[in-house]
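Each remark here refers to the structure printed beneath this line.
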């Protein structure tokens, strides 16, 4: 059964725990109850929402991400449990002790697949993807030539036009991208925690103020899926986060992708990537289940 991402936007809402249910109490309105086992993550998207301590503790125990959003719907804080896995200490040791050279090889694979998936996004929208495909093979260990940045400049210009600038603090298309990436980040973080990994110990991202560096690393190949759907919204001149747009972006987690074991939802591929990443660090052999997009993965959703 697919678990749901619950977004709370009502400023008068209070969230609490009631007999295994998330209880949403809204002033001067009816209450809502949702079974916790049906929830894959909760997004708090209003400044005035309040929460009970017992709910937050239970969410941590069940490894259910709780995201608090700030300006432009970007995540401002993230609740994650202290202990999520019986072998967590051993896996964190692997994260700490793995050599930089091995991480650089993993990062090379991640960036190659990200750029390839960007080319698939362009191709599925009948845009020229030849420059991006040519860059895939140029990504070296650790992406020391910063091919990712070169690809990004080409990609955004091809996707949204020469005047588009990717800016997390801008409105319009950027707001939709922020929200979609928040959904991806939530799913990736949940998968990382479930695999017993520490989300702050990243591969490439090193910002000392970022406690979700590994999530930001492992979600990279999934980003073009969000980009594709945001482009489709822009075609219809949908530049605001309406309930319909939000619902469609949340449903990206349940989009079926082709993989080595048949088709499975994005959220399952995130889980597989997290577990294969942990196994790779344990064995020091690259065995990442990275999502390699096909045009049919995207076009069949239209």
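Even glycines carry a Cβ here, placed using N, Cα and C.
Unlike curated records, TrEMBL annotations are generated automatically.
Per TrEMBL, Mn(2+) is bound by 205, 220; the candidate from 145, 148, 171, 247 named for the same site is 148. Neighbours of residue 148 (Mn(2+) binding site), defined as other CB atoms within 10 A of its CB across all chains, total 20.
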